[in-house]
Amino acid sequence: MPPDFWERCFWLWGLLLWLSVGSTGDAPPTPQTNCTDFQNANLLRGTNLKVQFLLFTPLDPSCGQLVEESSDIQNSGFNATLGTKLVIHGFRALGTKPSWIDRFIDALLRAADANVIAVDWVYGSTAAYFSAVENVIKLGLEISRFLRKLLALGVSESSIHIIGISLGAHVGGMVGHFYNGQLGQITGLDPAGPEYTRASLEERLDPGDALFVEAIHTDTDNLGIRIPVGHVDYFINGGQDQPGCPTSIYAGYSYLICDHMRAVHLYISALENSCPLVAFPCTNYKDFLAGQCLDCFNPFLLSCPRIGLVEQGGVKIEPLPKEVKVYLLTTSMAPYCVHHSLVEFHLQEPRNKDTCITVTFLSSSVTSSVKITIPRHQRVGKGVLAHPSPQCQINQVKLKLQASHRVWKKDQTTIIGRFCTAPLPVNDNKKMVCLPEPVNLQASETVSHDLKITCI
């Protein structure tokens with residue numbers, strides 16, 4: 001965690017305290033008859049746990065039915081033959097309803113024929129973060145008691161899917177721990193880092209908490225946890241500094257929260273859109289960008305994990321491996337998904353210095369670039385290039401040899417080599433497409449070539 005993390009938190013906490021005076025944040029929609037909305041807690045009196053379980057069903061997706069007792073559940077639209085998804089929010093600094101929750105619930109109900117239960121613990125998650133942390137075990141016990149009522153109605157443990165956001169991810173882990181890891185699935189959306197990075201397995205989310213546990217990491221250098229906590233752990237853009245998020249503290253609250261909340265918006269986008277958010281296992285982000293991890297054979301036997309409501313994230317092996325780090329790149333806005341391509345340049349002759357080449361793909365309206373380096377005394381340099389359009393819709397590739405920094409004269413270096421590319425995953429060489437002729441590159445000059453790849 002950066003040394004200035006708490007300093008930034010306290011600075012922004014003062015801003016939040018000032019904003020909270022006379023403010024309730026996002027105005028909640030006018031509730032329908034017999035519908036219940038999230039509570040709004042007072043910022044200075046929000047530490048007492050006061051939980052609501054709000055049921056949303058395909059028959060009435062915009063109406064939250066308050067279900068507390070078994071009779072409430074039986075008299076509601078709850079269908080015990082369907083799967084059940086519990087959504088647990090995290091720390092609420094201002095004591096308001098999460099601004100994203102309505103869209104999240106709607107996306108879940110559109111994507112799956114299921115019961116959706118939102119766990120409202122705005123009371124108990126407000127004011128000091130550390131007070132909210134102290135409520136995690138108590139909340140986990142309350143949710144466990146509630147699930148017992150569902151199980152009594154014939155719901156199976158394996159049909160329960162908990163989706164926890166930030167601190168809510170560890171609440172979900174606590175519930176799963178109470179059920180000895182027999183719940184169907186837990187999805188952690190940027191599980192909280194403060195107070196949990198060094199916590200024991202019993203205190204935080206871990207692979208033993210459900211039959212399948214996945215986590216999406218987007219803010220590992222601030223509010224999110226930096227260690228793997230699931231069977232599959234997605235590190236989006238390396239797990240930090242998400243494209244499109246502010247990089248200056250002067251952006252205020254958005255600077256603190258944007259990376260952290262990107263996990264939520266990514267998951268919503270995966271539910272709402274058909275373009276896949278596919279990831280690739282790798283030891284670390286640097287190796288992934290360098291084109292060292294091109295398929296999903298190890299450890300997934302070619303079944304690449306995918307974000308969304310896909311059984312076991314698309315992983316089709318048993319037993320499931322644990323704490324596997326997988327990586328993917330995204331765009332700066334919804335639907336976020338990109339296509340990943342391996343790009344390679346093969347020198348005819350090795351050089352006694354590093355060779356840097358910028359590779360740019362051009363489609364009808366978008367350009368995407370990456371720099372690859374060929375180490376000295378070697379012939380091949382490669383990297384991963386992310387682009388919104390499928391590779392078969394790329395019209396041109398541009399190549400530019402980066403000039404050496406010479407003050408006294410122009411760099412007139414010329415190299416000759418072969419350019420090749422293939423869409424990920426690269427399971428064999430059959431996908432590799434190379435330009436038909438060797439390419440001559442002169443320092444600082446851009447060379448363009450048509451790229452003709454057939455859509456399959």
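Using the three backbone atoms N, Cα and C, a Cβ is placed for every residue, glycine included.
Partner cysteine of Cys282, as given in Swiss-Prot, is Cys293 (from among Cys293, Cys296, disulfide bond). Checking Asn34, Asn79 against Swiss-Prot for the annotation N-linked glycosylation site singles out Asn34. For Cys258, the cysteine that Swiss-Prot lists as its disulphide partner among Cys245, Cys275 is Cys245. Spatially close to Cys304 (disulfide bond) yet at least six residues away along the chain are Val278, Ala279, Phe280, Asp295, Cys296, Gly314, Pro425, judged by Cβ distances under 8 angstroms. The two recorded residues, Cys245 (disulfide bond) and His260 (active site, charge relay system), have Cα atoms 10 Å apart. The subset of recorded positions (Asn34, Ser166, His260, Cys293) lying with their Cα within 10 Å of the Cα of Asp190 (active site, charge relay system) consists of Ser166, His260, given in sequence order.
It is Asn34, among the recorded positions Asn34, Ser166, whose Cβ has the fewest other Cβ atoms within 10 Å in the structure shown. Among the recorded positions listed here, namely Asn34, Ser166, Cys282, Cys293, Ser166 has its C-alpha nearest to that of Cys258 (disulfide bond). Here is what falls inside 10 Å of the CA of Ser166 (active site, nucleophile) among the recorded positions Asn34, His260, Cys282, Cys293: His260.
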